[in-house]
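A short write-up of the structure that comes next.
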């Protein structure tokens, strides 16, 4: 490491204010677990009191799941050149089944370390990686199947519950009104009212959920992916040959998790893939995924036919020792499926899939990923890297949806899942793509049947091809639906899809669209507590608690900005209208008038009467009066 | 009229370039009907030839439905102070059942005409309105039920077919590949392969579709709303007390139809509602809707309790004589339903609904809209104004979805539909609102059952409350689904929903989200020809015909702008990659390489061989070679 910080290091020493200023209205809180070093980060949104005019009552703080890590915690000291605190290091050490390595195992990794030309871009504070001791299997699935509840599993259980227990009973007994929720339709999911560590263990043991947490990524805040948990989203970052440097990618990471990405994939295909990834993982509180074939392809200068199992194997180890939490591996692109794509409208749209197809054809051999799959499992289980079995043959347009190539690969992924589970390697299955709405359900049903309920992780799907520039929307529609049907994680699509590399604004837009899709899915599934935030926000809206409404939204900054475009003054935050309708036409204002009027007319039922009850009584009394006076209800015709 | 044009008139004399420049890649075309004055405007998107590298073939021009009117036709002469040509005037006159009035019928209208203070804002070129001759009923439903196919019905049939017949058979017989489409799931709709004027007549006669076309809006290009036709969208414009003048609203109209609004509602609640509406209708090629209670409320200075049937009646006539094509009338907000909203989280969120609720409570009487409903029908049928029966009690948050107030009103709307149909008044039914996904289907089923299959016209629905700033997306999800289930028209929601009056950018964003939802619904329903545009665009994408891809998209300007952010040069439009992946990693580029390679290896089958077949044969040959060589397919485990 140089004594003098490089320009990159200097840049990194300050993240821009836009990615670290606290999220308006929220403060970081921690829920305590069963041991002092188990503190689960969440966000708490305070609310103001309901105005006396509308009944005057306290409104509870709302706890929400938080992916933004220490970056939005004003008490945290951020130093990107040092990386985040190693939250899980002690838990990993205590398990006693891993040991630090004397050096890097991968050839490529060692070569990079010694290359002085990379000093300016290398992450400064690297420590030696760990690996399983001989014969040990260190995956969360391995522990789960042995009945062990790890600290990671406990962390996740606390995190998923979002401190709903604080909403307790309303004064006078009964459920808190904010907990009121429509029954869901979960298509056979099994979501308990309260997530316990034991439930987490059981779901992981069955393979129905995964907890991606490489032993070399101790900085990560544990999270879980599975249909019986909150629906998760993934954002993609990463440079290409045509765009973007390391500092920009790190900032995209922090930006992405600020807005709500549960996981991030680094899909870099440009310069310094290895170094970029190191900076990202060391500073990421969320699991990081990669597609190792990209870097393998870079090592052979873009000539797919020159890929070998050995190069790929070394790449897996290199990346596992950096701490990548899951690998997308297109082991289902078999030689016999490639001809099935010949007549497709858009062929093979997966980068990894097209690379493997090219290799298979050039060598006229079966995929080396498929052939060496068990050896891959041996590597994964030594570090606890999870599989994301890639959908290399996903449809890239509506016309190609649900074709033989796509479903053939899915069947093979099911076969590979069984093999992975033989090794207790955590596994999720990637999915489409471009699928019109009437064909989405079939994808979910087939995946459940073929893959033993392993978590499904789809890219959208896009429900039409005709809107380049708006594919975050074409796909949010499909993603919400497939999330409802049981998909566990939704990979985001930005407005730049099909057109270019996304910038920060695109990343934000993509994440917002996907947070919406994921939450819409949770509501539809009837996920316990999902409706709390909707209820709280709508109550705030109805009571004209504008700041509370903004703070409870997914994007408090945008909501306020939009409101203030036409009504910017502080006094406007107390206004009982906005510029949509103005003071005379605001329906909620008029509704409040109506309730007040009716309450004034109703019986005096004492000071504890519920305002809604009094209004209802008042209105009903008036209606009764009307009928009793003999006025017939007009019945035309 | 003043000799000297007012500032408003001067402003109007030039629409900004942004709303009138031709849509990139499109040209206006006209399909001829059975008479010389029946020419249906559409847009044709030319395509370039497939590069020789990829097979070298012509690509047909694609015809798409076009709502933009003469504004995007470089041959049209636009003069906003004169209004659009009266396309339908002769058809109306020929029917012989209407006559021009000697003056305006409504008191208010006459008062406005004489008020010199309004000279500067009055539309200059007004002519006298028409009305049905005594005893005549001039609705399209009335004609339809008498077996008459009007020119409007013929226009609509041609328009809906989108000149699909031009795609004819591919060389060598069989369907054109662009016509390939996945079978849909239409939940019992009855969409024929080809729309005939007789089919249109029958759908209108049954009440399953409406063709909104006031005899005083002869400038409108006929369009149809019904589940067996293309899914339509509506955009809202209009000022409020807090924002926006006449020129801005006219520009919003032209902007909205440019991007694809099938209908526009003028929801003005601010100054000069009457004059604003005149400018809008005279210049609108699409049907215009209003909510007459808003203007009625303005006439009583915002005091809902001072509304009377007489004021409302005069307002209906005033607006009908201007040419409004459909009225939203909240005749289902009955006294007995109002108490059912007392315990709601967001009460009554419909402006009209809250106004009527206030009136009913204040007078403790049944709604005057309900009481006088048949008199309203008598007015409507004299001008052919359609009902949009308002959902004044729609849910304004997830918690209130599908409650007794909402469904009670829906039942009453069903009852009122029957009455309207007794008078042959065209009728559609408005719908929600905020509804979580698992509750959407119930809305459609109930509406079909209660309202005799009258077209459903929903506002979204929004599938979650938690994303102010992004409600075009929360609602596009619900809109796509309810469109799939059978909703005929989707009323858009912009990013400004709940926060303020939308500006031009918001209008564009809302329309794009809703064009997406409507098209996704058409695909899912299996609407004949819906997939043509998706197929054409995806083929262009795969062949790196960048400009064709942009031109075929819903928003050619944005697609190109996004692409050019990172790859702006002309040469880039020939590039076989974009900045997402760069030249080595573009999967479609690699796929093309794979196909080329395989075709090179395959049999020489003669110059007419289909490239896909040759590639498939080549790849299959390689795979067979592999197996024949004795190499076993590795079968792990």
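Indices start at 1 and increase along the chain as displayed.
Any Cβ shown, glycine's included, is placed from N, Cα and C.
TrEMBL labels come from automatic prediction, so no person has curated them.
For the ranges B:1-34, B:35-68, the feature annotated in TrEMBL as region 'Disordered' maps to B:1-34.
Within B:294, B:470, B:485, B:514, the residue that TrEMBL lists together with B:236, B:265, B:330, B:350, B:351, B:352, B:391, B:392, B:393, B:394, B:430, B:457 for binding substrate is B:294. Cβ contacts within 10 Å of residue B:457 (substrate binding site), excluding its own Cβ and spanning all protein chains shown: 26.
Across the domain 'ThiC-associated' (B:22-98), DSSP helix (H, G, I), strand (E, B) and coil residues number 13 helix, 18 strand, 46 coil. Rounded to a whole number, the C-alpha distance linking residue B:394 (substrate binding site) with residue B:434 (Zn(2+) binding site) is 8 angstrom. Each of the binding-site residues B:352, B:392 was scored by the number of other CB atoms within 10 Å of its CB, and the largest score is that of B:392.
For chain A, the nearby binding-site residues by a Cβ gap under 8 A number none, drawn from B:236, B:392, B:394, B:457. Here the domain 'ThiC-associated' (B:22-98) returns a mean pLDDT of 94 for the predicted model.
In three-state terms derived from DSSP, residue B:392 (substrate binding site) belongs to neither a helical nor a strand segment and is classed as coil. Residue B:236 (substrate binding site) sits 14 Å from residue B:498 (Zn(2+) binding site), taking the C-alpha atoms as the reference points. Recorded residues residue B:294 (substrate binding site) and residue B:434 (Zn(2+) binding site) have their alpha carbons 23 Å apart, per Cα-Cα distance. DSSP assigns residue B:294 (substrate binding site) to a helix in the three-state reduction. Taking the Cβ of residue B:236 (substrate binding site) as centre and 10 Å as the limit, one finds 24 other Cβ atoms among all the protein chains shown.
Closest to residue B:498 (Zn(2+) binding site) in space, going by CA atoms and restricting to the binding-site residues B:350, B:352, B:392, is B:350. Distance from the CA of residue B:434 (Zn(2+) binding site) to the CA of residue B:350 (substrate binding site) is 12 Å.
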